[in-house]
């Protein structure tokens with residue numbers, strides 16, 4: 001089916017320029033690259049861009065620690081990031097930086113338009129100030145107790161337990177992450193973006209189909225709780241762009257970071273000497289399509305602030321946000337101590353890029369689900385699918401064609417109906433690539449690979465080759481197998497760029513989507529060379545060990561949980577005695593509708609029942625498994641009203657968060673209501 005060529009601009013979230021690219025980052029860049037490569041195969045005009053997010057307090061402070069300038073640090077990180085992405089064959093048309101003249105000009109332009117249109121408000125605020133470092137503390141540089149659910153060790157912008165958002169000044173017992181000092185309050189004039197003015201527009205945009213259902217539902221929660229004005233300024237010292245006519249005030253990193261998409265595209269247009277395309281893609285009534293691939297952790301900024309900023313400054317809004325989940329390794333959060341926090345560069349020292357591209361692709365869908373990289377399953381799947389099913393199909397047939405027929409394929413198809421079955425699948429597979437149902441596309445392709453190998457097994461060319469007078473049959477069978485291999489590799493071309501190059505060299509032709517409608521007949525192929533090597537668990541073991549060694553080399557004197565979560569200040573025995581810890585029996589456990597973090601627990605204290613909301617859902621995806629288990633709870637914690645009901649206590653758990661949360665249990669014999677002493 002002939003498609004009308006579209007103009008498409010695709011972006012990935014901008015990696016922060018203070019650390020290396022790891023396998024968590026690579027999920028998004030691989031997902032976007034597969035989609036982009038498919039769009040290009042279908043004849044669409046695609047501009048695929050990215051940049052480093054190069055501003056903010058963390059970069060300023062890390063550069064100070066390294067004894068270099070922020071500019072030097074972000075320059076080195078940019079080179080490292082680009083090398084990693086090139087190693088994974090991410091086909092960016094441009095990779096830039098938010099610390100660029102294009103981004104400065106666009107940030108100032110958008111800010112000036114927002115101000116002219118009345119969407120920038122000035123007001124004096126009280127904020128936390130580190131007296132030891134002599135600096136105001138951004139929200140992520142303050143930790144304390146959540147003012148909503150009272151969970152300790154939460155950042156100054158949102159609680160990872162209950163999901164509440166708040167200002168750093170609302171934290172209970174705040175501490176500076178920079179120095180550990182107790183902050184003091186100081187007044188400062190700040191600039192705010194009037195986000196509530198865009199509530200009606202954002203709600204209409206949410207319902208327009210521009211967002212996945214899960215994202216739209218989450219946005220509805222934010223609308224119900226009310227949108228707040230957004231502080232877009234930061235005080236010196238700060239590494240970023242100074243706000244025009246406001247000495248000592250800088251744009252908050254999240255203002256100029258998404259503008260970095262525009263800055264990178266502007267840089268690309270300038271490199272091409274193209275003064276038209278930028279406006280063509282970004283003007284208010286643009287007919288070009290704009291897609292952002294992002295992780296679920298930055299949905300808030302991309303689904304609320306970014307479209308509102310664009311609307312208020314007379315630019316177009318995104319066509320769609322494509323949101324994905326996190327990466328776990330072997331069923332758990334990536335861990336430096338276990339060697340599963342794997343950098344992109346470390347991976348490439350042990351495996352090729354196509355292997356990870358294939359594994360991620362086989363697991364991805366259009367939903368916001370986390371992806372688990374199970375390293376044993378990875379080895380089995382790559383060997384079973386790429387080596388045994390696809391590459392082996394070519395190797396089983398190529399030898400006979402090269403040796404017996406001088407590399408020339410038969411002039412007719414041995415089984416036209418089977419070939420039609422393969423080409424007819426283009427519509428289903430293409431739709432799966434288009435809709436980002438990548439796992440479905442891979443399943444369809446592997447089902448075809450099974451059919452192709454079954455055909456070869458049934459025709460047994462190795463037997464035919466020994467029978468006199470059957471040369472024509474042998475050529476026809478092997479040519480059929482090679483033609484089926486060609487179709488499979490065409491469907492896999494968006495996923496496996498390096499294997500595709502080797503396949504095209506063997507087939508002596510470029511693989512194109514429409515080209516499969518015409519089989520290779522009477523065509524000369526090149527001598528067959530090994531296309532792909534099997535992988536084994538020894539490589540995995542070496543990869544994990546190398547990742548551990550990298551951590552050891554970079555480790556500070558303090559390692560383990562205490563490094564990230566130091567012991568709190570000493571308290572008196574009288575303070576501790578105020579906490580009444582009791583054994584409780586979990587009578588019921590269930591999901592909380594409207595929350596992806598909480599479970600509702602019904603607890604028996606041996607004489608009364610308690611209803612407790614606990615942020616442990618990520619570690620206990622099957623709440624029924626908790627029923628009948630004993631745990632420890634804080635029984636005298638004041639009840640707190642939540643959106644879902646009243647929580648009458650807190651259960652005790654350990655761990656860094658995510659899937660690594662471990663509910664505490666007493667020894668056998670403890671009864672509900674027993675006091676923990």
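Numbers here mean position along the shown chain, with the first residue as 1.
Glycine is no exception: its Cβ is also placed from the backbone N, Cα and C atoms.
Taking Swiss-Prot as the reference, the stretch among 323-327, 328-332, 333-337, 338-342 described by the feature motif ''KMSKS' region' is residues 333-337.
Swiss-Prot tags one of the stretches 15-25, 26-36 as motif ''HIGH' region', and that stretch is 15-25. Confidence annotation: the domain 'tRNA-binding' (575-677) carries a mean pLDDT of 87 in the model.
Counting same-chain residues at least six beyond the ends of the motif ''HIGH' region' (15-25), those with a Cβ under 8 angstroms from any Cβ of the stretch are 50, 52-54, 56, 58-59, 62, 73-74, 77-78, 80-81, 84-85, 97, 326-327, 329, 334, 341-345, 347, 356, 373. Long-range C-beta contacts of residue 162 (Zn(2+) binding site), restricted to its own chain and to partners at least six residues apart, with a cutoff below 8 Å, comprise 146, 148, 149, 151, 597, 598, 613, 615, 642. Apart from the site residues 146, 149, 159, 162, the chain places the Cβ of 147, 148, 150, 151, 154, 160, 161, 163, 164, 615 no farther than 8 Å from the centroid of the site's Cβ atoms, the recorded Zn(2+) location. Sequence-distant contacts of residue 336 (ATP binding site), defined by Cβ-Cβ distance under 8 angstroms and a gap of at least six in the same chain, are 547, 548, 551.
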